[in-house]
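Below: the structure, in structure tokens.
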Amino acid sequence: MSRSRSAAASSSQKPDDMDLMSPDGSASSPSAPNTPATNSGGFSSDRKKATHLRCERQRREAINSGYSDLKDLIPQTTTSLGCKTTNAAILFRACDFMSQLKTDISDADKQLAQLNAQAAALEMIASEYEQMASSVPDAGQSTIQVKMLQLLLDDCFTSFSSQVDFTTYATITRTLLSWVESLAPNAEPFKSTAGKMVTMPFTSP
């Protein structure tokens, strides 16, 4: 009786033992977790996170470097000395400095226009001098005429410099006409110059 029970128990355990064996006779566990796949997924997630952190760090370093370069380009002001420099303060100073540069450029353009107008007027005077000089006889022929012409031109240039406004082309035209009228024979400045020409002591060569 006990022998038959032992045989039955042995036969009931054989199917379980056979389930634990693989077709090639090795033991296997069908419910064991897939460890390599799990590790691979975790490694990929860590790598993405590390890449994201590295990119974010590089982005912040680039921003900080840009702010540092901008800070070096902006001149220091008395109000910024001794104060903590923030990014907002750097941007504010940059905007203020740009406004100042625009004002300086505008003033420089106005000054350049004024200098160009003055240069144009001086070129015109130089051209007139050249024409007058070409019509003057040789010094050996008429020294007195040369000295008279020199006195007249010097006096004219002095009055021209004091009466002609070189600010703009419009002011040059307006004041130049007034200056030309002052050279009329009946004008007092011309009479004064003519009197100097007549009374000055000339010496013959």
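Counting starts with 1 at the first residue shown.
Even glycines carry a Cβ here, placed using N, Cα and C.
What Swiss-Prot lists as compositional bias 'Low complexity' is 1-12 (among others).
Taken from Swiss-Prot, the feature region 'Disordered' applies to 1-58.
According to Swiss-Prot, the feature compositional bias 'Low complexity' maps to 26-40 (among others).
Secondary structure counts, DSSP: the compositional bias 'Basic and acidic residues' (45-58) has 14 helix, 0 strand, 0 coil. Annotation comment: Swiss-Prot describes 45-58 as compositional bias 'Basic and acidic residues'.
Residues annotated as domain 'bHLH' in Swiss-Prot: 47-101. The domain 'bHLH' (47-101) scores a mean pLDDT of 85 in the predicted structure.
The region 'Basic motif' annotation in Swiss-Prot covers 47-60.
The region 'Helix-loop-helix motif' (61-101): residue composition by secondary structure is 28 helix, 0 strand, 13 coil, according to DSSP. Taken from Swiss-Prot, the feature region 'Helix-loop-helix motif' covers 61-101.
Swiss-Prot lists 98-132 with the feature coiled coil. Here the coiled coil (98-132) has Cβ contacts under 8 Å with residues 149, 153, 157, 160, 164, 166-169, 172, 176 of the same chain, all six or more residues outside its ends.
Counting only same-chain residues 6+ beyond the ends of the region 'Basic motif' (47-60), none has a CB under 8 A from a CB of the stretch.
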